[in-house]
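Asker: Below you will find the structure I want to go over with you.
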Amino acid sequence: MNYAWKTVYGDQRLYDLARQLRGESTDSEEEEVNAEDDDYSDDNDSDDYEFVNEEDEDDDDEEEKEDALSSEEEDEVKDYKYSEIWQERYKQLKEYKAENGHCNVPQRYEPNKALGTWVRRQRQEYRKMSEGAHSSMTDEQVEKLESIGFVWVLRSKDTWNERYEQLKEFKTEHGHCNVPQHYESNKALGKWVSAQRQEYNLMSKGLKSSMTDERVAKLESLGFLWVILSKDTWNKRLEELKEFKTKHEHCIVPRHYGPNKALGVWVQAQRTRYRLMKEGSKCCGMTEERVKKLQSIGFLWNPMDIFWNERFQELREFKAQHGHCNVPKKYDSNKALGMWVKTQRAQFRLMKEGLKSSMTDERVEKLEHIGFVWNRSKDTWKEKYEELEEYYAQHGHCNVPKRYKQNKVLGSWVHTQRKRYRLMKEGSRSGCMTEERVKKLENIGFEWTLFKDVQKYTWDERLGQLKRFKAQYGHCNVPYGFEANKALSGWVQTQRTEYKRMLEGSKSALTEERVEKLVAIGFTFRLKIVDKNVQKYTWDERLGQLKEFKAQYGHCNVPAIYESNKSLGKWVQHQRQNYKIMLEGSKSSMTEEKVNKLENIALNGV
């Protein structure tokens with residue numbers, strides 16, 4: 001046997017395989033033959049003679065050359081050996097998975113270091129295969145590995161979360177997160193915890209780090225301590241804090257304090273340890289003695305308290321100057337105060353709803369002591385109601401125009417009350433409308449609709465009234481403010497509005513059945529604003545015709561179909577429509593000058 005070849009390929013079994021592949025006899029077969037030859041030579045060999053033939057030596061060289069395998073045969077043997085080893089490692093990996101629940105064997109896995117190296121090698125070969133480079137990985141091997149949940153690319157985030165979960169378990173068992181660096185039960189966890197402190201330190205210095213704000217928050221939620229200090233170091237930091245207090249007159253050291261970054265981290269750690277102590281943790285590093293030392297120099301466990309008290313003092317000064325605490329959101333003299341006041345109301349609402357809030361009973365008491373109002377809208381409603389009472393005393397009714405020049409906000413407020421009342425009656429969310437407010441408004445004669453008797457009749461009864469109007473006038477275009485039945489004109493306008501909403505796909509009181517009933521009597525849902533006859537006269541000429549009508553009949557309510565001047569009725573109706581459009585803020589041919597001229601005719605007849 002070629003022993004050099006044996007050294008390369010490892011053992012007798014593989015050598016025999018190579019010989020079989022070449023169709024030659026194996027060493028074991030040759031040994032049997034040689035054994036027979038030895039028996040024969042023992043009987044015939046002579047000790048006196050030794051024959052050496054040069055041709056025989058040449059034959060031996062030829063035999064050695066023949067013993068050497070071709071490159072293709074060597075590759076085949078190597079493949080066999082690799083495949084057998086691969087199967088053995090794969091079997092070991094399956095056993096690891098069954099025991100640990102995953103296939104992420106550490107590279108330096110103590111029980112089986114070769115397995116850790118093999119797993120790493122599979123990922124490298126897979127990457128080569130994916131890149132189209134030469135690789136020993138096969139599709140069959142990929143399929144086998146993936147069938148047991150093998151992960152080709154280990155993500156640092158996944159690894160981090162796994163370690164974080166292990167840390168949570170450690171905290172549950174031991175009551176703290178101070179895992180020893182050489183923790184026998186989980187050495188990797190101890191190293192990981194140490195690494196988190198190192199990465200946090202790099203992050204604090206503004207250097208490149210794998211630590212993020214999200215990870216900091218998650219670790220601190222477990223009570224993770226970034227710095228483990230000795231007693232001497234603690235006292236040294238306390239002296240540094242005293243020097244900071246002397247210089248700045250407070251102990252609120254920023255976390256990333258430039259002149260002394262370690263002090264900022266230490267101060268933050270004291271607050272974390274104090275919170276853990278209050279939660280009952282025994283390994284938090286905070287003691288009653290240390291608490292007293294820190295409090296003796298004015299240390300605040302919650303730094304937001306100092307800012308809150310400063311704003312509260314500013315609010316007291318505002319109250320002394322203005323007589324109330326309703327600081328505008330955009331208060332020019334102190335914009336921060338306006339935002340702070342808004343925040344207090346928001347935090348109070350969260351507190352009442354049982355949600356997380358910075359509001360405390362102590363703060364509530366302090367604010368209410370100076371007359372702070374939590375619900376600003378309640379005060380606003382009361383103010384507007386009082387303004388409406390004044391309007392009623394002056395005008396004898398509560399129908400404030402939506403764009404009332406003297407008080408535009410009041411006009412919008414009155415419009416909103418009607419809208420909220422309607423929503424309340426429909427069972428929808430009505431904002432701040434209540435039965436108490438409804439009674440207060442009705443006490444001063446507030447009308448929920450501009451026509452009092454709109455709700456007295458059903459829809460079909462109104463349709464009957466419209467049919468009678470049609471029989472008398474020959475059309476369904478009830479004039480706005482129709483003297484004989486003002487509510488009917490409002491109802492007709494409502495049908496057109498609801499029809500428009502229906503076409504837009506919005507919620508509408510109009511149904512297909514009602515539409516058919518209206519169409520059946522010749523109802524027109526869309527009226528043309530412009531009429532050919534209207535354009536025969538100028539606006540001032542029409543105004544003159546209206547003056548003549550007023551002189552004859554004593555009013556300006558020209559019927560839409562006025563026999564003596566059919567186009568005048570339409571013109572008057574158009575003026576009302578254009579006026580309404582102007583009040584809504586849309587583009588309109590109506591002007592203030594025209595409004596004054598029309599109102600002068602109605603009042604004075606001139």
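Note: Cβ is positioned from N, Cα and C throughout, glycine not excepted.
Please treat TrEMBL annotations as automatic predictions, because they have not gone through curation.
According to TrEMBL, the protein carries these features:
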- 26-77: compositional bias 'Acidic residues' (COMPBIAS)
- 84-150: domain 'Helicase-associated' (DOMAIN)
- 158-224: domain 'Helicase-associated' (DOMAIN)
- 232-299: domain 'Helicase-associated' (DOMAIN)
- 307-372: domain 'Helicase-associated' (DOMAIN)
- 379-446: domain 'Helicase-associated' (DOMAIN)
- 456-523: domain 'Helicase-associated' (DOMAIN)
- 536-601: domain 'Helicase-associated' (DOMAIN)
- 20-77: region 'Disordered' (REGION)
Asker: Among 84-150, 232-299, 307-372, 456-523, which stretch has the highest count of C-beta pairs below 8 Å with the domain 'Helicase-associated' (536-601)?
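Answerer: If we count Cβ pairs closer than 8 Å to the domain 'Helicase-associated' (536-601), 456-523 scores highest.
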Asker: Using DSSP, tally how many residues of the domain 'Helicase-associated' (536-601) sit in helix, strand and coil.
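Answerer: Helix, strand, coil within the domain 'Helicase-associated' (536-601): 44 helix, 0 strand, 22 coil.
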Asker: With DSSP helix as H/G/I and strand as E/B, how many residues of the domain 'Helicase-associated' (158-224) fall in helix, strand and coil?
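Answerer: DSSP classes over the domain 'Helicase-associated' (158-224) add up to 44 helix, 0 strand, 23 coil.
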